Amino acid sequence: MKIVVIIPTYNEKENISRLILALEEQFKKISHEMHILVVDDSSPDGTGEIVREYSRKNQNVHLLSGQKQGLGAAYVRGMRYAIEKLGSDAVIEMDADFQHKPEDVPRLVTALDEGSDFVIGSRYIPGGKIPKWSFSRRLLSSGGNIMSRAATGMFKIHDTTAGFRAIRTDLINKISLENIKVQGYSFQINLLYQAFLNKAKIKEIPVEFLERKEGETKIGKGDVLEALIFVWAIRLERSETFIKFAVVGASGVVVNLGVFYVLFRIFGVSDIIASPLAIETSIISNFLLNNFWTFGERQTETKFHVKGLKFNLVSFVALGVSWTTFIALTRLLNLRPEELAQFIGIIPATFVNYFLNSYWTFKETNKEPVLAGK
Ligand code: GDD
Ligand code: MN
């Protein structure tokens, strides 16, 4: 594999030379082709010039210069460059300030070798460590973690904001960097969340996060604000779909019961037949509303009629669930009126319906890869 260690820098002249040398030392222990890509945002302290010197002498050291737009923006540019220009198979994210130990790089690579797509150098699993931080710094870090886990549903991941990670290029291509919506430090959460949505094989390995000795942190209030807005936007986005689905479901209930009433009470159709007929009518109205409204923004390549068929198929599964419930309630438990049994049957059916439709019928098609990357 060709692996590129991407190091974003802004005013890291005290650290960058030592880090490049320390990494070259570690690369000797790794059997892959290792590269270093420093993404420097025109640091006024001359970090870029130092790196340029190294890149002249060392074939595996590269410099990408740009304007300061934030840590996330720097990583997006760096990843694009690593994939498109350097043809990397995997990238490693790492800070320039020695808070991440160069000795841990081979361990990240081993985890990739063992089959993971996304390896997190984690501070919050047994064996991982944070420095003796002030209460407020600790609160910022653990608060950010707890909040992002709760908002995104990534409960199984303990360090969602970590900046020391190894990621396969195939996965980044699947995610598509256009889906990254943030500029600052919340990039870390955003990229991880996209990987999570793509069902990537994510693994945490414990690392010790050291104290910064030279230079200073660049995290700003803007980053905190952006992270806050970002995680709550995800939360809303996630529940918005569900709320819409539930609203559509409720409209379907009206259709369902209305049709059932007309067939059963007015036309005297047998309840065993009236029940599925009423459901099928509501399936059609539900499909139209879900397709154009609930999941209207999802980009799928699936044709309208295929989605319609899938939706119907899912609905038949749900119909089975609903009808079985109906029969059980009316025939076994003798529940009356029949409308109540018909109504209760909708509840288990809705859960089955939501999950199958969200993950199958209206599943977002993965975007075309930026580049094959091999
Ligand atoms: N190119 C570029 N542009 N680099 C930047 C920028 C930017 O706007 N902002 C920061 N960097 C570089 C720094 O020079 C450093 O190499 C690295 O990004 C991390 O910056 P720090 O300022 O040292 O971050 P930190 O120690 O506060 O945060 C670390 O821990 C966080 C979790 O607690 C990082 O690893 C974060 O990614 C992580 O989320
Ligand atoms: Mn740092």
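Placed from the backbone N, Cα and C atoms, the Cβ positions cover glycine too.
If you check TrEMBL, you get these features:
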DOMAIN    5-175  domain 'Glycosyltransferase 2-like'
DOMAIN    244-362  domain 'GtrA/DPMS transmembrane'
TRANSMEM  245-267  transmembrane segment
TRANSMEM  273-293  transmembrane segment
TRANSMEM  313-334  transmembrane segment
TRANSMEM  340-360  transmembrane segment
Answer with yes or no whether the transmembrane segment (340-360) touches the transmembrane segment (245-267) by the criterion of at least three Cβ pairs under 8 A, sequence separation 6 or more.
yes
Outside the transmembrane segment (313-334), at least 6 residues beyond either end, the same-chain residues with a Cβ under 8 Å of its Cβ set are 271, 275-276, 279-280, 283, 286-287, 340-342, 344-346, 348-350, 352-353, 356-357, 360-361
Counts by DSSP class (helix H/G/I, strand E/B, coil) across the domain 'GtrA/DPMS transmembrane' (244-362)
100 helix, 0 strand, 19 coil
Residues sitting near the transmembrane segment (273-293): Cβ under 8 Å, six or more positions beyond its termini, same chain?
244-245, 248-249, 251-253, 255-260, 263-264, 304, 307-308, 311-312, 315, 319, 322-323, 326, 342, 357, 362
